[in-house]
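**Student:** Just lifted these from Swiss-Prot, have a look:
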- ASN159: N-linked glycosylation site (CARBOHYD)
- SER12: phosphoserine (MOD_RES)
- SER14: phosphoserine (MOD_RES)
- SER16: phosphoserine (MOD_RES)
- 1-26: region 'Disordered' (REGION)
- 423-471: region 'Disordered' (REGION)
- 1-40: topological domain 'Cytoplasmic' (TOPO_DOM)
- 62-74: topological domain 'Lumenal' (TOPO_DOM)
- 96-104: topological domain 'Cytoplasmic' (TOPO_DOM)
- 126-291: topological domain 'Lumenal' (TOPO_DOM)
- 335-354: topological domain 'Lumenal' (TOPO_DOM)
- 376-381: topological domain 'Cytoplasmic' (TOPO_DOM)
- 403-471: topological domain 'Lumenal' (TOPO_DOM)
Amino acid sequence: MRRGERRVAGGSGSESPLLEGRRSTESEVYDDGTNTFFWRAHTLTVLFILTCALGYVTLLEETPQDTAYNTKRGIVASILVFLCFGVTQAKDGPFSRPHPAYWRFWLCVSVVYELFLIFILFQTVHDGRQFLKYVDPRLGVPLPERDYGGNCLIYDADNKTDPFHNIWDKLDGFVPAHFIGWYLKTLMIRDWWMCMIISVMFEFLEYSLEHQLPNFSECWWDHWIMDVLLCNGLGIYCGMKTLEWLSLKTYKWQGLWNIPTYKGKMKRIAFQFTPYSWVRFEWKPASSLHRWLAVCGIILVFLLAELNTFYLKFVLWMPPEHYLVLLRLVFFVNVGGVAMREIYDFMDELKPHRKLGQQAWLVAAITVTELLIVVKYDPHTLTLSLPFYISQCWTLGSILVLTWTVWRFFLRDITMRYKETRRQKQQSHQAINNGDGHPGPEDDLPGTGTAEEEGTTNDGVPAEEGPSAAS
């Protein structure tokens, strides 16, 4: 929504938020409605600057004779023109801070990335890998073999110099990356249980797929102590504390020039990088079959996106420390939060004609396209059969989940309806026996048993006072 369309507090004497249409999980917002130059779309300004830049390149700059350079420059210029159009003209998403144009930019980057993936998908395996040389000449060569796992002793008595060398070897740059990554994922998902399930499930996936990717082979304490408990667990804990603060925060906004003090202005600038309002996510997966399947789908896509990170590096011959790997993670950090909010709104929307948000649609398409690239570029690795005990564990887990689903959303409801019907019948029979029920069919017939039950004759005379009694 545009800046001028946001909720504005009404009345000059009191700050009363507009509560109409606000969900119970959504925070109250006070806004004075200031619409400054900063919030405008600047469509004509961007068009003028873009036209001047293109005119300068066309009329004043000499075109180089290097075909490869001109090709790269033309592709980059085409992408920049598309980004300029999208940033000024694309539809706004659910987020507006620090600026709606920021999120429109990442939406357009999503389109560019998806088109790039489609291009790679339609190349041969050799051409696709060699094409990356145009991005970085160091790419397009097979990755060297590395030794993973190795000695898993926490205390290595044979190493007299440093018995804990195995632990220090694991304390690399991936430790803060795990912590920061799960802190940000918690801000996206906004649910402790879902975060922990995804964290634990991914470790099980690493166990299951280490025969396909050697870098999944880690020590047991690296999986469960360093990853799940320390890095991931601490990131989730800090993320939940941040969510608690955001849900309790007062969202009161004033225009920068309406604040009299310099301290207030600086505070307002800092708060520009915090949410405009806050919605507490209540996924409630067990409330209905629809929400249960949706939450399972979200977890599946999350795990698939995590696996794509490692498989894409493997099949495209990309070193883990390459900047393209980092850029992909930065990309998903920015688009993931918007996608999760759009999915939650889609699930929470009661309108009959719902539409999935644009960013969520693109994230799903990107995740599937990445998987298809992995399948096409190295089918041999993906078809390596799981060890028998691993496949047994996943089969048992799938049966348990399927059994719980059938019981919770089908058998349990049938059983509860049967018990409720039986209880109502018992209450009805008990009420009739106690004389508190409604008249039955026989009670509508005149003179049938009514006199005997009431101790009267059919003429309404008490039985003791009738002719037989007098005689």
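Indices start at 1 and increase along the chain as displayed.
Positions of Cβ are set from backbone N, Cα and C atoms, glycine also.
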**Student:** How many neighbouring Cβ atoms, not counting its own, are there within 10 Å of the Cβ of the residue listed as 'N-linked glycosylation site'?
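**Tutor:** Counting Cβ neighbours of the residue listed as 'N-linked glycosylation site' within 10 Å gives 13.
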**Student:** Do any residues of this chain, six or more beyond the ends of the topological domain 'Cytoplasmic' (376-381), have a C-beta under 8 angstroms from a C-beta of it, and if so which?
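**Tutor:** Cβ under 8 Å, 6 or more out: 121, 125, 128-129, 212-213, 311, 314-316.
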**Student:** Reduce the DSSP letter at ASN159 (N-linked glycosylation site) to three states and note it down.
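**Tutor:** Looking at the DSSP assignment, ASN159 (N-linked glycosylation site) belongs to neither helix nor strand, so coil.
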**Student:** Would you list the DSSP helix, strand and coil counts for the residues of the topological domain 'Lumenal' (62-74)?
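**Tutor:** Its residues fall into 8 helix, 0 strand, 5 coil.
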**Student:** If we skip the immediate neighbours and take only residues 6+ beyond the ends of the topological domain 'Lumenal' (62-74), which ones have a Cβ under 8 Å from one of its Cβ atoms?
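**Tutor:** Contacts of the topological domain 'Lumenal' (62-74) (Cβ under 8 Å, skipping residues fewer than 6 from its ends): 134.
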**Student:** Quick test of the contact rule: Cβ under 8 Å, at least six residues beyond the ends. What residues does that give for the topological domain 'Lumenal' (335-354)?
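**Tutor:** Distant Cβ neighbours of the topological domain 'Lumenal' (335-354) are 23, 93-95, 103, 106-107, 109-110, 184-185, 187-190, 279, 281, 283, 290-291, 294, 298, 360, 362-364.
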**Student:** On the DSSP side of things, how many residues of the topological domain 'Cytoplasmic' (96-104) fall into helix, strand and coil, could you say?
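**Tutor:** When I sort the residues of the topological domain 'Cytoplasmic' (96-104) into the three classes, I find 5 helix, 0 strand, 4 coil.
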